[in-house]
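Participant: Just passing along the structure, written as structure tokens.
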Amino acid sequence: MIIEQPTTTVARVFPDGFLWGAATASYQIEGAVTEDGRTASIWDTFSHTPGRVVGGDTGDVACDHYHRYADDVAMMSKLGLSAYRFSIAWPRVQPGGRGPANQAGLDFYRRLVDELLDHDIQPWVTLYHWDLPQELEDAGGWPVRDTAYRFAEYASIVHAALGDKVHHWITLNEPWCSAFLGYGNGHHAPGRTDGADALAATHHLLLGHGLATQAIKAADPSAQVGITLNLHSLAAHSDSPADLDALRRIDGVGNRVFLDPLFKAEYPADVAADVAHLTDLGFIHAGDLETIATPADFMGVNYYTRSIVAAPVPGSGNHDGTWPGSEDTTFLKRGLPVTQMDWEIDAAGLTDLLNRITRDYGAIPLYITENGAAYPDEIGADGTVSDPARIDYYDQHLRACLDSIGAGVPLRGYFAWSLMDNFEWAWGYEKRFGLVHVDYQTQVRTPKNSALWYSNVIRDNAV
Ligand code: FCB
């Protein structure tokens with residue numbers, strides 16, 4: 001069983017040196033999708049395909065951060081952030097995903113990094129937050145082995161351009177989403193639906209992570225390199241054998257299929273058995289697992305909610321490719337308060353998850369690289385944005401972090417998702433996750449009350 005009770009520590013102050021940041025991703029904020037040599041990514045293609053994104057929204061303009069980055073960094077500085085996690089758009093710096101770098105694209109990120117450093121904000125670079133060059137998808141995408149090598153080459157290009165100033169590198173953001181939403185159920189770009197492809201994509205994403213880690217470390221052994229996973233905090237609906245088996249399966253293909261290769265250089269045997277009718281795992285070559293398990297310096301954890309897993313109900317309608325091999329598994333709601341995403345709020349699920357990682361995989365330094373909540377925020381008559389529910393969400397989850405720290409988890413920092421409202425993937429602009437409100441007509445930024453609250457948390461190093 002993976003479930004633990006939250007500890008009861010009453011600590012309210014964070015350890016000295018705890019890192020405070022906020023996060024974004026390139027396609028969600030940059031816009032300027034055809035400027036300075038950028039070519040299309042799978043998300044450009046996907047968002048321009050009718051029916052894929054709510055309201056037909058695209059990232060064409062988004063928050064126009066490409067042009068407004070200096071003002072945005074000034075805003076971060078006012079909030080008191082010590083770190084900013086952002087991602088690089090692969091098709092901006094290596095159009096088409098192969099061949100030479102595009103200097104104009106690299107120059108944009110160099111300007112951004114300089115601006116951050118001028119404001120004493122540490123840049124944390126995510127190399128892949130889902131914008132695969134469309135040409136690489138046309139050549140087969142992540143289910144194809146070559147994509148892992150292309151990714152490592154691209155990582156080297158970015159590191160060569162920014163490595164003198166950037167010391168924290170996240171290879172991949174949430175490879176579970178890239179594989180299982182991108183190639184399994186098709187809710188994300190590129191929108192393909194094949195369980196075996198999703199499993200091959202999983203392996204090639206992990207291989208790409210290992211190869212990129214080795215490339216960056218070879219160029220600079222002092223670089224800090226890690227991966228960000230959206231691990232699933234899970235609980236079984238009951239102790240019945242059927243519910244516990246469902247929990248084992250979802251934990252397998254949602255969590256252990258990433259954690260075991262990364263930290264133990266092996267794939268879980270039970271997952272291999274669960275998916276045996278879909279694939280013989282022939283895409284795993286000799287030496288791959290050693291590459292994937294190249295020691296990382298830290299791991300990023302993204303957390304939003306906990307899921308309650310129950311026995312499969314054949315024909316329940318869940319058979320959509322999200323969980324290859326365990327398609328009919330049921331997920332239950334408990335009637336807890338939800339955010340605008342309809343995700344139940346369960347801060348103890350974060351404590352349980354962090355404690356479990358440390359217990360089962362050892363004391364690798366952890367960072368929360370995303371955590372936050374969407375609400376339908378509006379600017380009030382007085383010009384402010386009142387978002388008490390978001391403040392409450394952050395407060396509860398930061399206390400959950402303190403509970404884990406009190407239990408001995410080496411949690412070193414926290415990045416709120418997100419710095420500002422942005423393009424929430426298949427949900428378009430309707431879901432607002434920002435600490436800062438964005439008016440998409442005028443591009444005016446208005447810090448929400450939660451941003452002011454978060455500034456105080458940072459200043460006090462405490463909740
Ligand atoms: C995560 C993504 C991030 C954002 C949040 C709400 O899965 O990494 O880009 O969309 O969800």
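Positions of Cβ are set from backbone N, Cα and C atoms, glycine also.
Remember, it's a predicted structure, so these values are computed and weren't measured experimentally.
Taken from TrEMBL, the feature active site, proton donor applies to Glu174. Residues or ranges marked as active site, nucleophile in TrEMBL: Glu370. The substrate binding site annotation in TrEMBL covers Gln28, His129, Asn173, Tyr304, Trp417, Glu424, Trp425.
Please situate the listed features within the shown structure.
Facilitator: Neighbours of Glu174 (active site, proton donor), defined as other CB atoms within 10 A of its CB across all chains, total 25.
Of all Cβ atoms in the protein chains displayed, 25 besides its own lie within 10 Å of the Cβ of Glu370 (active site, nucleophile). Mapped onto three states, the DSSP output places Glu370 (active site, nucleophile) in strand.
Secondary structure at Gln28 (substrate binding site), taken from DSSP and collapsed to helix, strand or coil, is helix.
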Participant: In angstrom units, rounded to an integer, how far apart are the Cα atoms of Gln28 (substrate binding site) and Glu174 (active site, proton donor)?
Facilitator: 15
Participant: Given Glu174 (active site, proton donor) and Glu424 (substrate binding site), what distance in Å do their CA atoms have, once rounded to a whole number?
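Facilitator: With distance taken Cα to Cα, Glu424 (substrate binding site) is 15 Å from Glu174 (active site, proton donor).
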Participant: By the DSSP assignment reduced to helix, strand and coil, which category contains Asn173 (substrate binding site)?
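Facilitator: The three-state answer is strand.
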Participant: Could you round the CA separation between Trp425 (substrate binding site) and Glu370 (active site, nucleophile) to a whole angstrom and send it over?
Facilitator: 15
Participant: Can you list, in sequence order, the residues of the same chain other than Gln28, His129, Asn173, Tyr304, Trp417, Glu424, Trp425 whose CB lies within 8 Å of the CB centroid of the substrate site?
Facilitator: Ala25, Glu174, Glu370, Ser418, Asn422, Phe433
